[in-house]
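Reading through the structure tokens given below for one structure.
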Amino acid sequence: MRNSLLFFIFLPSTILAVDLIHLHDGSPLFGEEVLSQTGKPLTRFQGIPFAEPPVGNLRFKKPKPKQPWRIPLNATTPPNSCIQSEDTYFGDFYGSTMWNANTKLSEDCLYLNVYVPGKVDPNKKLAVMVWVYGGGFWSGTATLDVYDGRILTVEENVILVAMNYRVSIFGFLYMNRPEAPGNMGMWDQLLAMKWVHKNIDLFGGDLSRITLFGESAGAASVSIHMLSPKSAPYFHRAIIQSGSATSPWAIEPRDVALARAVILYNAMKCGNMSLINPDYDRILDCFQRADADALRENEWAPVREFGDFPWVPVVDGDFLLENAQTSLKQGNFKKTQLLAGSNRDESIYFLTYQLPDIFPVADFFTKTDFIKDRQLWIKGVKDLLPRQILKCQLTLAAVLHEYEPQDLPVTPRDWINAMDKMLGDYHFTCSVNEMALAHTKHGGDTYYYYFTHRASQQTWPEWMGVLHGYEINFIFGEPLNQKRFNYTDEERELSNRFMRYWANFAKTGDPNKNEDGSFTQDVWPKYNSVSMEYMNMTVESSYPSMKRIGHGPRRKECAFWKAYLPNLMAAVADVGDPYLVWKQQMDKWQNEYITDWQYHFEQYKRYQTYRQSDSETCGG
């Protein structure tokens, strides 16, 4: 409820009167009336607590709802960010530092921000969009400049909510006990969702139109909420950008999560414990007593390979009942409206961190010819692919054949692009496709986009293309902030299209349909399992050479990752000498045009009898 009592906020040149709001538990708070970067008014609330601080004996536990307060809360200051590491790899380069937390780091970090267009009016019944940030489950905060919700809120007349959740070991340590149940970051998100469902009507929000949207690990989080029966009552639609619960880095088994705890225990010099029959009580006691900075400084000790984040959601039997692939296959998820998509060059950002010998920082912004030959390309690929692929020559050869550039001459840019597509498909695009396809097959309405525009204000080198995460700038309306950025007119129009599609989806479940019943000029078709139509999101001048509506995207490559390669790994044991003979023959045929690698190999296998052994299998 609102109270007629007014609070006056004194700023250097303004005095703004703000109504006091009482939450449904009676807690009073007030925000501030501000202008968007486009000059339109809104009311902003920052730092509203939705949980008790997870400190002391609450560290690693599920969050507890915030107890009511009686003194009016001044919700005009950005909240703390959750404890996390900082990216210093490229020094003070803005392209990397823009993703670092920009407020004080603290374990006391469970707060949310609310943006309301104009003045707060409980009678408005506006659609609500709840943002979940990404960051690999090890970083991220709701207060980043790129997540500033003012422009999206006022331009599309929606309410925007952005919550913090615990990351890294603080949010995802799994010890199979109430003191560290795992998925604490997911429980944080769910508690924030419950807060929204309970209170957003007081801000003018429509409880029947709550849409979750997130990017990367935030998108994986949103899709995990689609899988969890715990979350289903508290949202209605979902948007996933460049991430999915089926991404190989998004969820891990319990035994892996438990092993990580042992490795961290040893790295922190708490003791020397074996992975066989470890004493988890001692491990948990060490972590509970440890300084937060000590935990943060050692959090990466359990990492094994590229794309392996140290602390992520786990199939705990509580929040998550089964692995994501099983849920999708059996239809055990919330069938609703889903908007999903990915970017053209998803993995290049991560490759540069993982391969410093190939992409040295000293030459990063001046060179483009980092990979000049096949030998160096294969070396880089072997440093990036997961172990279960590398341990079998046949599966490695299959991946190399799928992605090795075929057109001659092969340029350094071709080698980089092939590596990027290989890892981008595996870690991002194909998992988003998998989620979209399953949602469609089980009766949900799905819309798919593919972002292909490299922004004029992009600070990363041109050879990196359309990077992971950089659709966010357009969705939150950054190009419209002309006082700070110098985007082109076409890019401002693209940003308007992004915002309109996203807001329409939140309002009506259809990105084409405006709230007044009219439709957008460009028709975005529903995604289906046959034609797999998607909207190519780019500037208008690109369309003559590029189709507005595509099919896939990356459907052939994703069939390789999601169908062919898993079947190959499951079916083939140690292939031994027949493979080597076949490989020699393939080398001789290298200059011939082979239209279907799989067909030729299958023909060859008909005349061979594979030697079976007790050695490790490709699919093990």
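Glycine is no exception: its Cβ is also placed from the backbone N, Cα and C atoms.
Listed in Swiss-Prot:
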- 1-31: signal peptide (SIGNAL)
- ASN74: N-linked glycosylation site (CARBOHYD)
- CYS82-CYS109: disulfide bond (DISULFID)
- SER216: active site, acyl-ester intermediate (ACT_SITE)
- CYS270-CYS286: disulfide bond (DISULFID)
- ASN272: N-linked glycosylation site (CARBOHYD)
- GLU346: active site, charge relay system (ACT_SITE)
- CYS430-CYS558: disulfide bond (DISULFID)
- HIS468: active site, charge relay system (ACT_SITE)
- ASN486: N-linked glycosylation site (CARBOHYD)
- ASN536: N-linked glycosylation site (CARBOHYD)
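Between the CA atoms of CYS82 (disulfide bond) and HIS468 (active site, charge relay system) there is a gap of 23 Å. Its own atom aside, the Cβ of CYS558 (disulfide bond) has 21 Cβ atoms within 10 angstroms in the protein chains shown. Over all protein chains present, the Cβ of CYS430 (disulfide bond) has 25 other Cβ atoms lying within 10 Å.
Look at ASN536 (N-linked glycosylation site): DSSP puts it in a strand.
In the three-state DSSP classification, CYS82 (disulfide bond) falls within a strand.
When Cβ atoms from all protein chains are considered, those within 10 Å of ASN272 (N-linked glycosylation site) total 7, not counting its own. Comparing CA positions across the active-site residues SER216, GLU346, HIS468, the one lying closest to CYS558 (disulfide bond) turns out to be GLU346. If you take the Cα of ASN74 (N-linked glycosylation site) and the Cα of SER216 (active site, acyl-ester intermediate), they are about 32 angstrom apart, rounded to a whole number. Taking the C-alpha positions, the distance from ASN272 (N-linked glycosylation site) to CYS286 (disulfide bond) comes to 12 Å. The subset of recorded positions (CYS109, CYS286, CYS430, HIS468, ASN536) lying with their Cα within 10 Å of the Cα of GLU346 (active site, charge relay system) consists of HIS468, given in sequence order.
In this structure the C-alpha atoms belonging to ASN536 (N-linked glycosylation site) and CYS109 (disulfide bond) are separated by 38 Å. Sequence-distant contacts (6 or more apart, same chain, Cβ under 8 Å) of HIS468 (active site, charge relay system) comprise SER216, SER242, ASN343, ASP345, GLU346, SER347, ILE348, TYR349, PHE350, GLY424, PHE428. Distance from the CA of CYS109 (disulfide bond) to the CA of CYS270 (disulfide bond) is 27 Å.
Take the disulfide-bonded residues CYS82, CYS109, CYS286: by the count of other Cβ atoms within 10 Å of each Cβ, the lowest one is CYS286.
Of all Cβ atoms in the shown protein chains, 16 besides its own fall within 10 Å of the Cβ of ASN74 (N-linked glycosylation site). In sequence order, SER456, GLN457 are the residues of the chain that are 6 or more apart from ASN486 (N-linked glycosylation site) and have a CB within less than 8 Å of its CB. Looking only at the recorded positions SER216, ASN536, the densest Cβ neighbourhood within 10 Å occurs at SER216.
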